[in-house]
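Notes to accompany the following structure.
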Amino acid sequence: MNNHPATLRNESSFNYWKSRIQNHDKFDEIFELTTDRQRCTPDEVKNNSLWSQYMFCKPFAPTTLKSYKSRFIKLIYCLIDDEYLNNYYDTHTLNKEFNSIVQQQPLIKPEELCRRMLELRSVTKETLQLTINFYTNTMNLPEYKIPKQVMLPRDKEIKNIKNNEKNIVLREIINTILDCIEKKIKHLSSEFVHDRGLIRGAIVFCIMLGTGMRINRSRHLSVDDLNTLIKRGKLRQAIGLKRKKHRTSNSLNSIKQKPLELAREIYIKNPNILNISKNTSTPFKDFKRLLKEANVEMDRPRSNMIRHYLSSNLYNNGMPLQKVARLMNHESSASTRHYLNKYDVGVDESDDNDEDDDDDENDDRIIDENPSGANISNYDINNSSSGNSSSNNTSGNDFNNNISSGDDADLLSFN
């Protein structure tokens with residue numbers, strides 16, 4: 001084994017120490033202290049004898065705490081001296097590292113932390129900077145910025161992947177996945193544990209494609225929600241999802257019935273399949289497994305490629321950038337421009353009559369409309385023949401009193 005310092009910090013070593021760090025008797029207490037130090041409270045408030053006693057600290061979101069915990073564990077690991085690192089039988093207690101955090105007495109400089117982090121694994125410049133910020137806030141150190149001229153190996157790798165992604169034709173990928181769902185996955189049963197991930201992935205994928213919702217919002221829809229979407233073309237119902245304050249409604253309007261009908265068909269046979277923990281990575285794992293099952297090869301598969309596909313088609317078919325931005329709930333069109341044409345969406349001139357819409361990744365309101373007879377040229381996304389697309393039907397649904405009127409939905413062109 002090579003004992004050069006550059007090989008001391010690796011995944012095997014980290015996994016061993018990660019367990020010991022998390023099991024330390026002071027872990028929870030010091031993690032809470034460290035987390036609290038990430039708050040940016042203005043000095044004029046913090047040092048004011050009157051207002052400081054009334055300060056209210058807004059709780060961190062679960063996802064933020066999850067990120068902080070990951071950084072905290074890596075920080076403690078990087079504080080361990082090299083001499084103790086690979087001596088697994090040593091009685092090193094980690095008290096030195098934890099106490100340095102409490103007392104704000106740095107054991108290493110920020111630059112050394114960078115070196116040790118890069119020794120552990122290849123990370124992006126952004127990830128490394130976030131870890132450094134976490135450290136300097138924790139230890140009350142001056143701000144440390146990685147030089148602008150720096151491009152780390154992981155950044156170069158991602159840049160190459162993004163360049164390759166421009167040649168990926170999303171239309172072909174979507175058709176391939178839908179074909180796999182139609183011919184194979186919809187016939188599977190959740191009675192077999194091994195098949196459950198594929199079934200979940202198929203249902204959520206079809207909902208995303210039919211509504212433009214993000215993956216974590218798609219999995220919250222019920223069979224009743226799908227029935228309403230398919231029957232009326234839209235749904236207004238509070239489903240307990242976070243939305244921006246200026247939104248006054250929580251509307252879900254169906255664009256394309258075919259994917260939703262396919263989702264419903266599978267969902268009805270497996271009604272409890274989406275009952276999974278709220279804060280879980282399961283939907284993303286299911287999505288990747290779905291792509292693998294369909295023999296779709298991508299360097300960096302991401303569920304939001306569907307939203308890229310929808311929004312790019314809206315823009316390419318002539319919708320003004322500002323309107324696409326508004327529908328995606330972006331603060332500025334610059335944010336939306338970042339979404340557009342990152343992939344080859346596979347547009348052709350025969351698709352100009354399609355109707356569709358998209359939703360923002362930070363909002364749960366989907367404004368999608370599927371007018372009766374809308375033509376979508378894609379085999380698996382088109383030919384909705386149910387005849388239930390009328391949004392004027394007001395009977396036989398659990399959400400009769402919550403259905404939004406047609407005049408509050410935008411009609412969108414889509415490929």
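Quick reminder: no glycine exception, Cβ is built from N, Cα and C everywhere.
Sequence annotations record features per position, and here Swiss-Prot assigns domain 'Tyr recombinase' to 171-357.
The active site annotation in Swiss-Prot covers ARG214 (among others). ARG214 (active site): 22 other CB atoms within 10 A of its CB, across all protein chains.
Taken from Swiss-Prot, the feature active site covers LYS242 (among others).
Residues or ranges marked as active site in Swiss-Prot (evidence: sequence analysis): ARG307 (among others). The DSSP secondary structure for ARG307 (active site) is helix.
The feature active site is assigned by Swiss-Prot to HIS330 (among others).
Feature annotation from Swiss-Prot assigns region 'Disordered' to 339-415.
What Swiss-Prot records for TYR343 is active site, O-(3'-phospho-DNA)-tyrosine intermediate, and it gives sequence analysis as the kind of evidence.
Annotation source Swiss-Prot lists compositional bias 'Acidic residues' at 346-363.
On a Cα basis, ARG307 (active site) lies 8 Å away from ARG214 (active site). Neighbour density for ARG307 (active site): within 10 A of its CB lie 21 other CB atoms from the protein chains shown.
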